[in-house]
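Everything on this sheet refers to the single structure shown next.
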Amino acid sequence: MYDSAPKQWGVTPPISIVGPTDTENAVNQALVEELKRQNSFESPEESQKRIAVLNQLQKVTEEFVRQVCAAKGLPDGVIKSSGGKIFTFGSYRLGVYGPGSDIDTLLLCPSPIHRPDFFQYLPPILQTYAQVTELTPVLDAFVPIIKFKFSGISIDLIFARLNLQSVPRDLTLEDKNLLRGSDEVNLRCLNGTRVTDEILQLVPRVGVFRGALRGIKLWAQRRAIYANVVGFPGGVAWAMLVARICQLYPQAVSAVVISKFFRILGQWSWPTPVLLKGIEDGPLNVKVWNPKIYASDRHHLMPIITPAYPSMCATHNITKSTKEIIMREMKRAAEIMDKIMIGEEEWSVLFKKHEFFTKGYKYYLAIVAASKDAEGQLLWSGMVESKLRLLVMNLEKLDTIALAHPFNKGFDKVHYCHTDNEAEAIAKGGCLGKNLEGVKSMPADLGKKDAAGNSPPREGNGESEQGPMKVWTTTHYVGIEVHPNITKRLDISWPVHEFYDLCRNWQSYDEDMHSIHIDLVRSFELPDDVFSEGEVKPTKTLKKKKAGPKKRGASEAGIDEVRILPKTSILDVTGCRARGRLPLGWCDNEDTPRVAARPRRDK
């Protein structure tokens, strides 16, 4: 009798079903050891602590549901059977979390409970637990969330409800009919768990998938290409890419999956979508990814499609520049992996840190968002960060710019100012250079996650550091690569002004509280806080003087039209700073309260 055909995982047959060789097993073991050295694994004791915390949260959930049902006057029988359940998703559910990682959790409730109840009743319940600290509800986020720590473990808790009278502990979310009656926000909250569960069901060997994903996540984080909000793949997208390679090599070990990952995806025929299974129809009147119908879907450059209904593109934020960066990194990694697989290179080379600030670019845009209070800065800087990719896309439209590379995280600081002038200077980019005299500046924790999903330690909030005025800043950087052989002056006033107006049109914008400032920074002018220990800051290159005529003064060069614009509020939104003497400069903004210089146009 003939052997039956091997099981097909995904939308195409496997490329190879051959098992690993002894050499591949040895390389895979070396991968595990390197991941341990890189602190990618949590101790068993910490993992058990997470389980205990989730068990406590399940009890909190049931208590919350009972309390709300009672407040609504429901019968005792309904209250007792109403249930409620905690689901996890993200890195914890995928099994690739590490030390300090947050737990992404979903609190699922029956139909009598609504989102306002979540924010009204749950925080007071959590406050009764001594283990709960740093409780922060965020109602106006894209996905409304309650953030807190439980026994020292960071929890990101979102809410969803089902059109059911009871949510028992053994309920699963596989049935897409459970989505009936969901609004857009509810659907987003439910699909976090549904997508994660589908991914785990669509890979041949979960252990191999997790090992490969740990390696790819570490690589993407070290190379600073892990951040959905600024135009790189996020955690779910990277997980789906790894899952697809696992489907194509169902018998391979994690090291081989990583090697094939870079070779296959580095040569992928984008925008052909990456699919883990066929796109399904469903019971809801909602959009499902389909480039034949939707023009917006046809514009996706590297579509990676979620497997759970309704299928969506997890990488719609990718731009021409970020795609180019990803492909460059894929090529670099593929060449390194070829050497690793034959024993000519170590895994640590693959995980070498990026050189974005040390050797990346000659010029950078520094985007400084500032606020007068920490809570306001969290929302303001988050909004500015979410619009960065639009700035990048507009920069890409200029024929002088080859690439606009956004760094994948911002740098948060708190500045203790003693005068209005100091606060004004900080808001206008004074935080970019050396600390201003009399102003103490230090890192600040605004409750954000880093690229790995970890929360930073709290700094900069001590009582002894308080001054009469605090200014919080978040600085984002975009590396600028100019087209070769460009000799004309680079004018980026249009994309800068568009971004400036876009931020100022935010519905919660307050000119007395918020500021946005954009400045051009040369590599040797970058502030010290962007460099890690051991990194060498670029230095200014001194050019040899050539014999020739004496350099002209400003008036002779035609830069004699200098205007001092009116002074405005301390934290008024400001635009770009004109630096006409630099090779890369731009026109001044009419709202900029600074000295602006324009070259005189001879008639």
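Using the three backbone atoms N, Cα and C, a Cβ is placed for every residue, glycine included.
Worth saying up front: this structure is predicted, and the values here are computed from it rather than measured.
Taken verbatim from TrEMBL:
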type	residues	note
DOMAIN	10-203	domain 'Poly(A) polymerase nucleotidyltransferase'
BINDING	Phe89, Gly90, Ser91, Asp102, Ile103, Asp104, Asp156, Lys217, Tyr226, Gly235, Val236	ATP binding site
BINDING	Asp102, Asp104	Mg(2+) 1 binding site
BINDING	Asp102, Asp104, Asp156	Mg(2+) 2 binding site
DOMAIN	208-353	domain 'Poly(A) polymerase central'
DOMAIN	355-540	domain 'Poly(A) polymerase RNA-binding'
REGION	443-468	region 'Disordered'
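For Phe89 (ATP binding site), the same-chain residues 6+ apart in sequence whose C-beta sits under 8 angstroms from its C-beta are Asp104, Thr105, Leu106, Gly192, Thr193, Val195, Thr196.
Neighbour counts were taken at the CB atom with a 10 A radius for the binding-site residues Asp102, Asp104, Asp156; the maximum falls on Asp104. Tyr226 (ATP binding site) sits 16 Å from Asp102 (Mg(2+) 1 binding site), taking the Cα positions as reference. Counting Cβ atoms from all protein chains shown, Val236 (ATP binding site) has 22 others lying within 10 Å of its own Cβ. Here the Cβ of Ile103 (ATP binding site) has 23 other Cβ atoms within 10 Å, regardless of which shown protein chain they belong to. Tyr226 (ATP binding site) counts 24 other C-beta atoms within 10 Å of its own C-beta, drawing on all protein chains shown.
Here Ser91 (ATP binding site) is positioned 9 angstrom away from Asp102 (Mg(2+) 1 binding site), judged by their C-alpha atoms.
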